[in-house]
């Protein structure tokens, strides 16, 4: 087995493109501050780039698609099992570790000349404990079987051993930060949705000098048609979407299991909040639904919330299935960058805006965690000023109510 070489950091050059007339650029040749003249309260930090990431995008799409294939296999076996308890965490454990190993191995193989740093959710500590031999063997077999579907076991030189697998998983323990290139991975975003047989995503992004320049979302259970209105998809609907974006090049969607041509997508153009629909987390434990309800009421939103798991929400928003996304975690929760890196660029390249509750862009340069003002909000450019006001008013009301108790 060839050695697995992790934590190779580097600073790759960014390629600039010509300025766009409706933005004012800072003199910094790497990072431009783009201020919308029509909405001076918004500042969007953007790395300017050309199609400089084609090789990285091809590798990321392959890695995320193969990882999603592994997850689909595990989820199918889970849902068909009459014995496996849905509260049993072993299926998602197998899929989580397996997905991370696949992504790590594919990226390392496809980008052999590239420095490699991966910030991911899992490490191998639990798999190295006594009593973990059986599950480790299961994961290793699953990864080998998945790689064999693309004949990658030959490309990687041989069948993986358990030690190879552990090393591949531990390639994901980079800390990230503001310098160099860092891949960012959530091997299964939406584990509860995964266990229910519902929405989840393999989310993979690339940071360069602390800025998101590439994102891929593999959403195996998301219908190719719109989920607007929270409609129940029929059994005949084709499912499985792959969303991808690189900085300055827009966002595209294609079927996950097909070679068909991708289509460019764009966020909703709705301007009237009364006509907008909003997404929020399926689980009440992940977001404050009462605060979201208050914000929607102030905006005049009439449609009920669409509640789905994972960064599949970002993908659905990027193609206009909804107009707003509200995420307000419970007090004390710290957002991790792998929960938002890929989704954020998929939405922004489709014309959307992603900020914290105070209107500040998300800063992915601080390591594994995001420092946020209260929560995360997403909308199109027309709705964002109204949304920010509703958010401020609703939060102020809650704080006033809490202080009076």
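Counting begins at 1 with the first residue displayed.
Using N, Cα and C of the backbone, Cβ positions are placed for all residues, glycine too.
As written in TrEMBL, here are the features:
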BINDING   121, 186, 188, 189, 339  Mg(2+) binding site
Residue 189 (Mg(2+) binding site) CB neighbourhood, other CB atoms within 10 A: 28
Fewest other C-beta atoms within 10 angstroms, as judged across 121, 186, which are the binding-site residues: 121
Shell of the Mg(2+) site beyond 121, 186, 188, 189, 339, same chain only (C-beta within 8 angstroms of their C-beta centre): 185, 187, 190, 191, 201, 203, 310, 311, 336, 338
Spatial neighbours of residue 339 (Mg(2+) binding site) that are distant in sequence (at least 6 apart) but have CB under 8 A: 186, 189, 203, 311
For residue 188 (Mg(2+) binding site), nearby residues of its own chain (Cβ under 8 Å, 6 or more apart in sequence): 71, 92, 95, 96, 99, 194, 200, 201, 202
